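As written in TrEMBL, here are the features:
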TRANSMEM  58-77  transmembrane segment
TRANSMEM  97-118  transmembrane segment
TRANSMEM  130-154  transmembrane segment
TRANSMEM  174-204  transmembrane segment
TRANSMEM  225-243  transmembrane segment
TRANSMEM  263-286  transmembrane segment
TRANSMEM  298-320  transmembrane segment
TRANSMEM  340-360  transmembrane segment
TRANSMEM  372-391  transmembrane segment
TRANSMEM  397-420  transmembrane segment
TRANSMEM  432-449  transmembrane segment
TRANSMEM  455-476  transmembrane segment
């Protein structure tokens with residue numbers, strides 16, 4: 001049978017790119033990622049009341065180790081070949097592709113696990129005590145990734161949202177219970193493991209109807225996938241290096257307490273990262289399809305999207321900088337954490353760079369320039385390692401934050417250059433120049449107000465900033481076509497909400 005079919009049997013594998021699909025995927029993805037990030041904000045007062053910085057630091061080291069190893073154990077097969085899935089028209093072929101990826105990931109994970117154990121046993125030192133928890137979390141994350149990535153590929157974002165609600169709400173409640181009961185970071189990890197397996201099984205009950213499991217690996221397909229996935233694997237490693245290796249440098253130079261304080265700021269500033277993770281659910285499949293169907297239309301959309309995100313991210317960074325001390329006072333209970341607020345704006349800026357990197361990666365990825373993507377991350381990763389060694393011993397968490405932000409800025413500049421040079425993809429909007437200058441001035445003002453203004457003055461400044469940015473963009477920056485498109489999106493949202501969607 002050729003094609004995607006029709007009816008319920010083909011629901012999972014149906015995929016089309018239009019304004020409705022893009023809007024729906026964006027809304028679902030943003031909601032899901034906000035849910036994930038808000039979970040951290042909700043639990044933060046409880047965690048910082050019951051747990052010392054060193055305990056939260058140990059939990060963070062377990063998380064970042066698992067995040068590093070998931071792409072390695074899976075050979076990046078759950079992300080790299082996505083372009084082949086969305087461009088394939090044969091349902092039977094997609095099933096074969098899915099089983100090839102699934103079985104290859106399982107086999108590779110089994111082969112690499114002994115190496116992970118040996119590395120921790122030989123070089124882990126005092127952190128070898130964390131190995132059992134690292135292993136459990138790693139395999140639960142791999143399982144959840146394997147059974148859910150097809151939902152993102154074929155834009156079944158509504159199901160991802162429903163699953164995330166179950167997984168994260170349940171996980172939040174259980175986390176509060178186990179921490180209050182005195183089980184520290186061990187209980188937190190075990191809760192995540194249990195919720196990963198439970199939520200993954202719920203998804204598998206749906207996907208197995210169209211993607212029936214078979215213990216087979218198509219070697220021709222596997223080689224094809226690896227040609228796309230392996231060049232991107234170093235990208236994930238260097239991305240992890242920039243975002244998370246500072247935890248290991250901090251642990252080595254400053255101890256677990258510094259890691260705990262640093263991870264608390266990372267937790268609530270990661271609301272900015274919601275935009276990156278949301279984009280990952282729809283931006284690359286949509287970009288890959290539009291790159292083939294109508295490249296010029298894609299370029300025009302990209303120009304507006306990039307400029308809009310740049311303005312939005314600048315506003316978010318200013319808001320985080322302005323309210324950093326207030327947020328820490330409200331959400332963090334122990335006094336040991338309070339001085340960490342000074343890095344909030346810098347971490348928010350680093351996350352903002354990640355969002356722009358996600359946008360800039362799509363044209364290079366769609367054009368097959370995976371080596372160029374790797375080169376950008378290689379330069380950024382090396383820069384981050386050098387900056388960590390130079391800045392963290394003297395500056396502690398401030399040095400780690402500056403190192404991360406500068407490393408991501410290097411990648412943004414390199415990717416922007418390569419999009420122009422290699423892909424001939426002109427995306428910069430002249431309207432960004434005055435926006436960048438205004439942002440620099442306002443950030444300096446936000447740092448001053450952060451330390452000198454009272455709470456009510458900060459709230460008034462927040463409202464004034466948001467209102468000024470919104471009015472300025474709509475009345476001055478947006479052109480008629482962009483206003484019309486924005487109005488259509490809002491009308492669609494109102495219609496969906498009115499219909500009970």
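Backbone N, Cα and C define each Cβ position, glycine as well.
Automatic prediction, not curation, is the source of TrEMBL annotations.
Keep in mind the model is a prediction, meaning the values are calculated, not measured.
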Task: Intrachain residues whose Cβ lies under 8 Å of the transmembrane segment (455-476), provided they are six or more past its termini - done: 311, 315, 318-319, 322-323, 326, 442, 449, 483
Task: Whether the transmembrane segment (58-77) meets the transmembrane segment (340-360): three or more C-beta pairs under 8 angstroms - done: no
Task: Interface present between the transmembrane segment (225-243) and the transmembrane segment (174-204) (three or more C-beta pairs under 8 A) - done: no
TODO: Decide whether the stretches the transmembrane segment (130-154) and the transmembrane segment (225-243) have at least 3 CB pairs under 8 angstroms, with pairs required to be 6 or more apart in sequence.
DONE: no
- [ ] Please work out which recorded stretch in 97-118, 225-243, 372-391, 397-420, 432-449 has the most C-beta pairs separated by under 8 angstroms from the transmembrane segment (340-360)?
- [x] 397-420
Open item on the list: Please tell me whether the transmembrane segment (372-391) and the transmembrane segment (298-320) touch - that is, whether there are at least 3 C-beta pairs under 8 Å between them, with each pair 6 or more apart in sequence.
Closed with: no
Open item on the list: Are there residues at least six beyond either end of the transmembrane segment (225-243) with Cβ under 8 Å to its Cβ atoms? List them, or say none.
Closed with: 64, 67-68, 71-72, 75-77, 79-81, 83-84, 97, 100-101, 104, 350, 354, 370-371, 373-374, 377-378, 380-381, 384-385, 404, 407-408, 411
Open item on the list: Check the transmembrane segment (432-449) against the transmembrane segment (298-320) for contact, please; criterion is three or more CB pairs under 8 Å, pairs 6 or more apart in sequence.
Closed with: yes
Task: Residues from the same chain, set at least six apart from the ends of the transmembrane segment (298-320), whose C-beta lies under 8 A from its own - done: 269, 271-272, 275, 287, 290-291, 327, 344-345, 347-349, 352, 355-356, 359-360, 362-363, 425-429, 431-432, 435, 439, 442-443, 446, 462, 465-466, 469, 473, 477, 482, 485
Task: Intrachain neighbours beyond the transmembrane segment (397-420), with Cβ under 8 angstroms and 6 or more residues off its ends - done: 242-243, 246, 249-250, 254, 258, 261-262, 265, 340, 342-343, 346-347, 349-350, 353-354, 356-357, 360-361, 363-364, 369, 372-373, 375-377, 379-381, 383-384, 387-388, 390-391, 426-428
